[in-house]
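Enquirer: According to Swiss-Prot, the protein carries these features:
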- 502-607: domain 'CBM2' (DOMAIN)
- 79: N-linked glycosylation site (CARBOHYD)
- 135: N-linked glycosylation site (CARBOHYD)
- 264: N-linked glycosylation site (CARBOHYD)
- 328: N-linked glycosylation site (CARBOHYD)
- 339: N-linked glycosylation site (CARBOHYD)
- 368: N-linked glycosylation site (CARBOHYD)
- 422: N-linked glycosylation site (CARBOHYD)
- 442: N-linked glycosylation site (CARBOHYD)
- 483: N-linked glycosylation site (CARBOHYD)
- 562: N-linked glycosylation site (CARBOHYD)
- 570: N-linked glycosylation site (CARBOHYD)
- 589: N-linked glycosylation site (CARBOHYD)
- 646: GPI-anchor amidated serine (LIPID)
- 1-35: signal peptide (SIGNAL)
């Protein structure tokens, strides 16, 4: 065998050297081929980690969650439950089935007091960043909202999958524990997911279409089907040019008890857009300097920014007053110019919709007619109305409009997005109105809860924000809280009730409602509803809605208001002022301001109920009081207790028997 000299002085046989060279060559080829793995592309289309092997066995929607890393945050504390950690994790959703998934929604069940600071590739439905995800949160696609199938895209992962890179803060987990979510699942209608499987810092699940739930028969849609919540906003692009487009925003109130007064709408431009002109609404701030010193000012050098409506990233928008409705420049638009009033459709369908238009200018690289992106992070609020929580804009099929020519033709929007907002239940001490209870069988009134509408604006060092309110004589409900102290102390002394050294704080509500049980007899009962306005402005077209629970079907009549049952249960009744009495005036000074307390605006009526066909109704034990009460759509804080019926108080009797007793007594007096 022939040998070859090597510089090191070692002799290697030729066939061994040849084999070694071939091995190195093949290894390099294998290395290069492995570099082009079947990865998950990110936003830039680049490859990512290799998909887990479990995905190969999934015929449906595959989802995974991988915990990445964490780092201890300041301040460093010894208490493990109070220590915060910065963490990074990734989630993935892949359409591994044969059916396109429109408007995907992935729920991640966080459970370690997570605060989500940012996420790429998706948008949380539950609010804006930083987002409290202690009880989990749902992500939706942004910009990739729909997941096509591998079959129709030739396995293009940019169209069948989405990656979510999550950054946030978590609490209360020691170093030895990997903080994983409780679960991950798909929340789209018609899909079901088994329990997620976990291994170390990873978990995955394969969700499949529920065969028992048949797809609703209807028109096929190119984009996600429209959903309907309490408040529905549609963002329609009507005209599109290279550098700008005309959009129309339509707000529909679809909740029978929902309402907005003087609504304020905000959203966030994500790509440097700005509002050039508006019709049907206006922005609260118009500052040309914000435009001049922004990217818009650098690009649009010849544009007169003194005439531009708004260049804020988060503009605040409000409806125009009625006098602007026929204005040629800012009005002349259906459903506009109502001073921000959105009534329930059950009250007035013509006042349950608002509309405005805006001309939006774009910046590079979006300078073409098809580069259309809606603003994100929508929020809407009113003066004394329910709190709404809005989801992200979801692409839907273009809206249809009647042709302006009057012909039997239909005009379509270029693109449409829908934002669904739902009413949230007020948190404790965060309502905007409150309720007090009183009854004919008890001398004391149960006032509104302490700090029912919050105590952020008062000095809680001088009062107790957590104690129960003091019982009051009923006439004390007619005066402001500041004028009740002497009455409350005197009443407590008279009725031998304790008075704490530190008195309870006020309720701090602009509107309060008193519910007084007036009578209770064999076949029915009555109550008196009184609405107090402690604000300095009036409420137009006000309404009160009550849910009477078990007693609701017994509603008979209201004598000074209009009363309407709310279907389908008919346990809720909505009351509104009669014509000419639809204004709840504001608070005014007393006859002598130096001596007399302010006088609230007031509306009052008696309401009658029957006990027919309602078994086991006990008025004093709670059946005679509302289980929920709403003022202008806002759920008001209810007292924690009912007025108690003393054991010595006689039981209620029927009206007919009362009349008989009165007649006998009168006859006896005449005989004397």
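Cβ atoms here come from the backbone N, Cα and C positions, even for glycine.
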Enquirer: Sorry to bug you, but what's the C-alpha spacing from residue 264 (N-linked glycosylation site) to residue 422 (N-linked glycosylation site), rounded to the closest Å?
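Expert: With distance taken Cα to Cα, residue 264 (N-linked glycosylation site) is 16 Å from residue 422 (N-linked glycosylation site).
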Enquirer: Taking the Cα atoms as reference points, how far is residue 264 (N-linked glycosylation site) from residue 339 (N-linked glycosylation site) in Å?
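Expert: Per the Cα atoms, residue 264 (N-linked glycosylation site) and residue 339 (N-linked glycosylation site) stand 10 Å apart.
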Enquirer: I'd like to know which of these glycosylation sites, 422, 442, 483, 570, is least surrounded, judged by other CB atoms within 10 A.
Expert: 570
Enquirer: State the Cα to Cα distance, in Å, between residue 339 (N-linked glycosylation site) and residue 589 (N-linked glycosylation site), rounded to an integer.
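Expert: It is 27 Å, counting Cα to Cα.
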Enquirer: How far is it from residue 483 (N-linked glycosylation site) to residue 135 (N-linked glycosylation site), counting Cα to Cα, in Å?
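Expert: It is 43 Å, counting Cα to Cα.
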Enquirer: How many whole Å apart are the CA atoms of residue 368 (N-linked glycosylation site) and residue 135 (N-linked glycosylation site)?
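Expert: Just about 42 Å between their Cα atoms.
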Enquirer: At the Cα level, what's the spacing in Å between residue 135 (N-linked glycosylation site) and residue 442 (N-linked glycosylation site), rounded?
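Expert: About 43 Å separates the two Cα atoms.
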Enquirer: Taking all residues of the domain 'CBM2' (502-607) together, what is their mean pLDDT?
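Expert: Over the domain 'CBM2' (502-607), the predicted model scores a mean pLDDT of 91.
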Enquirer: What does the DSSP secondary structure composition of the domain 'CBM2' (502-607) look like, as residue counts for helix, strand and coil?
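Expert: Split by secondary structure, the domain 'CBM2' (502-607) comes out as 6 helix, 55 strand, 45 coil.
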Enquirer: Which of 79, 264, 368, 562, 589 has the fewest nearby Cβ atoms, counting only those within 10 Å, among these glycosylation sites?
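Expert: Result for the glycosylation sites 79, 264, 368, 562, 589: minimum number of other Cβ atoms within 10 Å at 79.
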Enquirer: Measure from the Cβ of residue 328 (N-linked glycosylation site) and count the other Cβ atoms within 10 Å, all protein chains considered.
Expert: 7
Enquirer: Quick one, of the glycosylation sites 135, 339, which Cβ has the fewest other Cβ within 10 Å?
Expert: 135
Enquirer: Expressed to the nearest Å, what is the distance separating residue 442 (N-linked glycosylation site) and residue 589 (N-linked glycosylation site) at their Cα atoms?
Expert: 31
